[in-house]
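*Asks:* The structure follows.
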Amino acid sequence: RVALAYSRQLVELSAQLPKVRGRSVLVHSLIHAHKLLDRLTVLSDLKPLPESALLGFHSEAYLSALKRVSSADLEADELDSDLLEFGFAYDCPPVRGAFDIASLVAGATVAAAEALSAGQFDVAINWTGGWHHAKRDEASGFCYINDIVYGVLELKKRYDRVMYIDLDLHHGDGVEEAFYYSAGILTVSFHYRADGFFPGSGDSDDIGAGPGRFASVNVPLKEGVSDAQFAASFAAVIDAAFEAFDPGAVVCQCGADALATDEFKIFNLTLTGYLDCVKLLLQSRRPLLLLGGGGYHFPSTAKLWTAITALAVGVDLDKDIPEHSFFSQYGPDFCLDVTPSLKRNLNDSTELRLLVESAVENLKRLAEALQLR
């Protein structure tokens, strides 16, 4: 039983955000071309998350500032200093309508979470969601409203424990920060970590604090990580997380910028690496919320999220891209595969094993701490 948050308004509005302009149209067109909409339930009655609900995470001052930069055509150098304090420059420039777009995306993520909590579906998807960098008082990393936090909070109403997993190339800092002191929400992030690389966080010794000590897990990887390494590390950590934390529901951000073909060209993953991870989550038979995120080579992102959708509904996709409005963007091979590059792999097997073992050990400590409470 799979649900997809999908409406023409959601797809067209989310396609207006500058860094991902047009991406959501490409993604959902490929899902439609593969006839996957016939195999799932479409959640189409989607509404913006009201400001009263947005105040459950973002501050009133921040939301007010976001509305101001969304209501006029402004350039970053035209902003007052008080607006610059909220991060509206560089990677989060003023965008007309940003508040409306981001609050609709957040509403779609919450609608998907509500459908899971009601027991109507086993999997719910919002590929326009996954904006994991936005902070309580700050826009960051192309993210204006952190829809993931609201999705987690919605699931938390029903489930005592919720696990959040981040597969994006970048550390899921906004979500981790939101729940850094929470014992009932486990955040796990697999990401690239190097000096000077955004967002500059997510070291393996960032493990949470206070009641949330050991409830933040970070697995920082180096350039060129392969499908096999990524999937094996994921399996070891997530198996330990299921045993230690026993979440009632799982949220997974499936940022596609770790693909070998993404414009960052840092990790060397293909669809296989991601699909092996999602397959493990599906096999756990826990309510699963799947979200989008990064992904800046749009045809590759569309391939990945279509393939994950097909996996969720149990369909084996034809490797040939079906003819549809955006068929030409999948040339020259017009196939669903993503080919790995010849990039050098800097992930030493011994270092990676020790990194995973450290994460697993911290999860054992989390289990002990939860038993003591």
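Quick reminder: no glycine exception, Cβ is built from N, Cα and C everywhere.
Pulled from TrEMBL, these are the listed features:
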type: ACT_SITE; residues: HIS133; note: active site, proton acceptor
type: BINDING; residues: ASP91, GLY141, TYR296; note: substrate binding site
type: BINDING; residues: ASP168, HIS170, ASP257; note: divalent metal cation binding site
type: DOMAIN; residues: 21-310; note: domain 'Histone deacetylase'
*Asks:* What's the CA to CA span in angstrom from HIS133 (active site, proton acceptor) over to TYR296 (substrate binding site)?
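*Replies:* Each residue's Cα considered, HIS133 (active site, proton acceptor) and TYR296 (substrate binding site) end up 16 Å apart.
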*Asks:* Neighbours of the divalent metal cation site ASP168, HIS170, ASP257: Cβ within 8 Å of the Cβ centroid, same chain, sequence order.
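*Replies:* Sorted by sequence, the hits are LEU169, HIS191, TYR192, GLY255, ALA258, PHE264, GLY293, GLY294, GLY295.
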*Asks:* Work through the binding-site residues one by one (ASP91, GLY141, TYR296) and name whichever has its CA nearest to the CA of ASP257 (divalent metal cation binding site).
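*Replies:* Comparing Cα positions, the candidate nearest ASP257 (divalent metal cation binding site) turns out to be TYR296.
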*Asks:* Can you list the residues of the same chain, besides ASP91, GLY141, TYR296, whose Cβ falls within 8 Å of the substrate site's Cβ centroid?
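*Replies:* After dropping the recorded site residues, what remains is LYS19, HIS133, PHE142, HIS170, PHE198, GLY294.
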*Asks:* When a 10 Å sphere is centred on the Cβ of ASP257 (divalent metal cation binding site), how many other Cβ atoms does it contain?
*Replies:* 24
*Asks:* With substrate as the bound species and ASP91, GLY141, TYR296 as its recorded binding residues, calculate the greatest Cα-Cα distance and give it in Å as a whole number.
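*Replies:* Max Cα-Cα spread across the substrate binders: 14 Å.
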*Asks:* Please report the Cα separation of HIS170 (divalent metal cation binding site) and TYR296 (substrate binding site) in Å, rounded to an integer.
*Replies:* 13
*Asks:* What's the CA to CA span in angstrom from ASP168 (divalent metal cation binding site) over to TYR296 (substrate binding site)?
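*Replies:* About 12 Å separate the Cα atoms of these two residues.
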*Asks:* For ASP91 (substrate binding site), what is the tally of other C-beta atoms lying within 10 angstroms of its C-beta?
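*Replies:* Counting Cβ neighbours of ASP91 (substrate binding site) within 10 Å gives 14.
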*Asks:* Can you name the residues of this chain that are 6 or more positions from GLY141 (substrate binding site) yet have a C-beta less than 8 Å from its C-beta?
*Replies:* ASP91, CYS92, HIS132, HIS133, ALA134, HIS170, GLY174, PHE198, PRO199
